[in-house]
Amino acid sequence: MDSWTSPDVPALPFTAEGPRVHDTARGAITPLTPRPGQEAGLYVCGITPYDATHLGHAATYLTFDLVNRALRAAGHPVRFVQNVTDVDEPLLERAERDGVHWEELASREIQLFRDDMAALRIIAPDAYVGAVEGIPSDVAAIRAMLESGRAYRVPAEDAAADAGESPADVYLDLAQVPTFGEVSHWTPTQMMEVFADRGGDPDRAGKRDRLDPLLWRAHREGEPHWEGGSLGAGRPGWHIECTTIARDHLGTPFLVQGGGDDLVFPHHEMSAAQTRALTDDAFAEHYVHQAMVGLDGEKMSKSKGNLVLVSRLRAAGEDPAAIRLALLSQHYRTAWEWTDAHLEAARQRLDRWRHAAQTATASPSTADAEDAPAGDAVARQLAERIADDLDAPGALAVVDRWADAVLGEQTGAAAAAARAEARGVRTAVDALLGIDLG
């Protein structure tokens, strides 16, 4: 599947410190250090394309864009993979509601997502993979788990006639995965509280454990389906899709599994369990999660409809750089509520930064300093903030102080020093924050 066009990312004039982030599975701030000689594998769960990109989505993809940029700034080559869940229940239900074919709806929303990501200057994935593309790998993985005894069949009495002679859904047997719970560290009671609301089927008759995740759904009338060989006609479950896409395009364990914190359980927990069932290996070395963005007292959600859409803000004439700055003003691990005041503050900040960059570049004292190396103290401070658990608000404050020094009352050596930093600040703001100061 085609991705979008990546922004140009300038190289810093120094090698930044490697990023440290909060690892959900470890419950601690942990350095992201690729294994010697290996790329930094980054997998970020993508959209289910039944509606447009809202600011909760954008915040997540921006957080992992910071991870990507921080790893690159530290000298690590990055291989970034993202999936698209281009067949799933929410997509099918929305297509039926709207009277359009599910493939048409998915295609339209995927293109809108690409446009939003390009406008926000998110570095594009090296592999952008639809779930449908990965079905052959899903089938092979599910068959392997059945053969090893780590998956089992549950008869599907309501299956379509073409689902096979003995149609069945297939489930992972979590009792065969002793590491289950290694990502979330939740209790079974905590898991059960959200399992049904997050795509699980705890009341499915015939399951060995109510939390066992669906691997293969036998074909039902009116649902899209694919040939699964000995599995019969059907389609894969949600979690196995990411498991196989990540394994095929990154290998396991890769460095970082990322997503919103509503994916900690069941999605990332199940992806890890399925990988253990397949290979006995870890799925990822680190799990990093973005907190929810709310609106009107609830998390922003396509199912609830309380959305601020990136595409609508762009259509209204908002500068995507201001949208990006508004999201960067909040730390990724802090849940927060969007208001118009965030965007207004971001507009003002962007204008001030660009004015400072223009003023510093045009200043006679800057011209006098052209023979001297450009200063990089501010750029280094900015890089330090991003390396410290993606402290974007702290990074913005660093640039704010520089802009104040350029545009304020200071004269003499202090003002000249701030103006001499202009080139380094422009480069670092672009490379690390993804903001072009013009």
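Glycine is treated like the rest: Cβ placed from N, Cα and C.
Going through T33, T60, T275 against Swiss-Prot, the one listed in the L-cysteinyl-5'-AMP site together with C45, G46, I47, T48, N83, V84, T85, W238, G260, D261, D262, V293 turns out to be T60. Cross-referencing 4-8, 224-228, 294-298, 299-303 with Swiss-Prot places the feature motif ''KMSKS' region' at 299-303. A gap of 12 Å separates the Cα atoms of C242 (Zn(2+) binding site) and I47 (L-cysteinyl-5'-AMP binding site). Residue pairs drawn from C45, G46, I47, T48, T60, N83, V84, T85, W238, G260, D261, D262, V293, the listed L-cysteinyl-5'-AMP binders, are separated by up to 23 Å at the Cα level.
Helix, strand and coil counts under DSSP for the motif ''HIGH' region' (47-57) come to 3 helix, 1 strand, 7 coil. Taking Cβ-Cβ distances under 8 Å and a sequence separation of 6 or more, the neighbours of V84 (L-cysteinyl-5'-AMP binding site) in its chain are M1, G46, I47, P49, A106, I110, Y128, V129, G130, A131. A gap of 17 Å separates the Cα atoms of V293 (L-cysteinyl-5'-AMP binding site) and C45 (Zn(2+) binding site).
For the region 'Disordered' (1-27), DSSP puts the residue distribution at 0 helix, 4 strand, 23 coil.
A Cα-Cα distance of 10 Å separates C45 (Zn(2+) binding site) from T60 (L-cysteinyl-5'-AMP binding site).
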